[in-house]
Amino acid sequence: MKFLKRGVALALLAAFALTTQPAQAYEKDKTYKITILHTNDHHGHFWRSEYGEYGLAAQKTLVDSIRKEVAQEGGGVLLLSGGDINTGVPESDLQDAEPDFRGMNLIGYDAMAVGNHEFDNPLTVLRQQEKWAKFPFLSANIYQKSTGERLFKPWAIFTRQDIKIAVIGLTTDDTAKIGNPEYFTDIEFRKPAEEAKVVIQELNMNEKPDVIIATTHMGHYDNGDHGSNAPGDVEMARSLPAGSLAMIVGGHSQDPVCMASENKKQVNYVPGTPCAPDKQNGIWIVQAHEWGKYVGRADFEFRNGEMKMVNYQLIPVNLKKKVTWDNGKSERVLYTPEIAENPQMLLLLTPFQNKGKVQLEVKIGSVNGLLEGDRSKVRFVQTNMGRVILAAQIARTGADFGVMSGGGIRDSIEAGDITYKSVLKVQPFGNIVVYADMSGKEVVDYLTRVAQMKPDSGAYPQLANVSFVAKEGKLTDLKIKGEPVDPAKTYRMATLSFNATGGDGYPRIDNKPGYVNTGFIDAEVLKEFIQQNSPLDAAAFTPKGEVSWL
């Protein structure tokens, strides 16, 4: 479990053969203790869940405790985020994640990677968030097209126990595809692995750090099998010189990276059990699932230029499991001892929580069963949540059928009362409902391309009033509203502005003569549909195998 720190990145390319030794400030033969703490994919969860799980108040208590422990042992701590602070919880979204960034300040984050969901808002909002934050937003591979300059700091330098640590930030280049294209007219996302090679060389030539760490928002894919996603941390680690990074603190795929065997993650990691991080090409790769459910802790010993990992764990933040007792009653119980919430953090966050609560908790309707919007479903199969959303868009636009990315569905709605908060958790991005009138031939071409979007990615399509069989890149038995598509007939398709402008790699339709931007926000359209059609019958929206991939 060792990393040999070298003066440069070990001949990154043939042109990188020149080496330089770091300017050592550490003492020879002395062992230094360095602890790296990490989270990722926070997605607006500044407050505890309805079951009392996670939240920044408990996270602060945990981090403060670890800092105290490490300090007593003479060590130093670095706290990093793998990005995606934005989007997911209405109380946060309505306030541009101000409570989240202010809470992270109070915890003492040192740096964060810029995630793709940081671009769910215009750049002006992101710049305001940088002002709120007392830590740097890092990304070496995001550039402004018009100037050729980076939009964010590529790295930050920290000193812990006389050890000079460089932290590089990198962002998935899928952002341009899966983000809102309207916000990227002057932004370029370069290949992060290629940019990493350049930055490592620059650091070793100029800054001469003792240790280099990357905080990334790129995703962890077993054995580098990234499918239709952009390459992630595993692929990058393999492309770099061995051991050129001590560690990659990741995000984006929202997994607990706990390996069951070489190149294979545990399928159902149990909170509080041992977690073995991934190691590729001499580089450790870690990720702490999502939402602040865990704080990852990596304890290293640094001696004579070598970094040795001596302990790693994912620490659950008040995570609970549902237990059913012999009497038939059930309750949620903690996996690990409860972590108290920090009073100072509660004092900071309570006004933010209360600010949006009144409007969000108003009942707008009800449903008699689960509307399935879980990430593990909407990116793989057709769901009734997708059908409800598309039914709302079809009703508003008078469309014949509807299409949207499964990744745009962010939550389920449980049986019972539905609030506006529930709707905003399902559709938090503020996309506009649009439609396009297309010939039958154009419909065939469009759906043929959309049907190539693979499961296990946000691009996987949710469809309504459409049936087909997809095989080897072609569609057969294609029907709209149960009738075969007539090439000469005109059809109206409802979708979202995100997909219409090329988001998730969908065909652009905003340049078609029959394209109309309705101006209606997707969550508002869904809210009104629920109000007008409650109580909803969940079973009535259940997919019946209309579309299949062979």
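Glycine is treated like the rest: Cβ placed from N, Cα and C.
According to Swiss-Prot, the Zn(2+) 1 binding site annotation covers Asp41, His43, Asp84, Gln254. Long-range C-beta contacts of His43 (Zn(2+) 1 binding site), restricted to its own chain and to partners at least six residues apart, with a cutoff below 8 Å, comprise Asp84, Ile85, Asn86, Thr87, Gly88, Val89, His117, Glu290, Trp291.
The Zn(2+) 2 binding site feature in Swiss-Prot is assigned to Asp84, Asn116, His217, His252; the stated evidence is similarity to another entry. Every protein chain shown contributes to the tally, and the Cβ of Asn116 (Zn(2+) 2 binding site) ends up with 26 other Cβ atoms within 10 Å.
Every protein chain considered, the tally of other Cβ atoms within 10 Å of the Cβ of Asp504 (substrate binding site) stands at 23. If you look up Swiss-Prot, you'll see Phe429, Phe498, Asn499, Ala500, Thr501, Gly502, Gly503, Asp504 marked as substrate binding site, on the strength of similarity to another entry.
As annotated by Swiss-Prot, disulfide bond applies to Cys258-Cys275. Within the same chain, residues at least six positions away from Cys258 (disulfide bond) with a Cβ under 8 Å of its Cβ are Lys265, Gln266, Tyr269, Pro274, Cys275, Ala276, Pro277, Leu314.
Marked as signal peptide by Swiss-Prot on the basis of similarity to another entry: 1-25.
Counting every protein chain shown, 25 other Cβ atoms lie within 10 Å of the Cβ of His117 (site 'Transition state stabilizer'). Classification of His117 (site 'Transition state stabilizer') by DSSP places it within a helix. Per Swiss-Prot, the feature site 'Transition state stabilizer' maps to His117 (among others).
According to Swiss-Prot, the site 'Transition state stabilizer' annotation covers Asp120 (among others).
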Neighbours of Asp41, His43, Asp84, Gln254 excl. site residues, C-beta within 8 Å of centre, Zn(2+) 1: Asn40, His42, Gly83, Gly88, Gly115, His117, Gly251, His252, Glu290, Trp291
Any further residue of that chain within 8 Å (Cβ to the Cβ centroid of Phe429, Phe498, Asn499, Ala500, Thr501, Gly502, Gly503, Asp504) of the recorded substrate site: Asn180, Pro181, Ser405, Asn431, Thr495, Leu496, Ser497, Tyr506
Sparsest-packed among the recorded positions, when each Cβ's other Cβ atoms within 10 Å are tallied, from Cys275, Ala500: Cys275
Residue pair Phe429 (substrate binding site), His252 (Zn(2+) 2 binding site) - Cα distance, angstrom, rounded: 17
Nonlocal residues around Gly502 (substrate binding site), in sequence order (Cβ under 8 Å, 6 or more apart): Lys177, Pro181, Arg508
Largest tally of Cβ atoms lying within 10 Å of a Cβ, found at which of the binding-site residues His217, His252: His217
Distance [Cα-Cα, Å, rounded] between Asn499 (substrate binding site) and Asp120 (site 'Transition state stabilizer'): 14
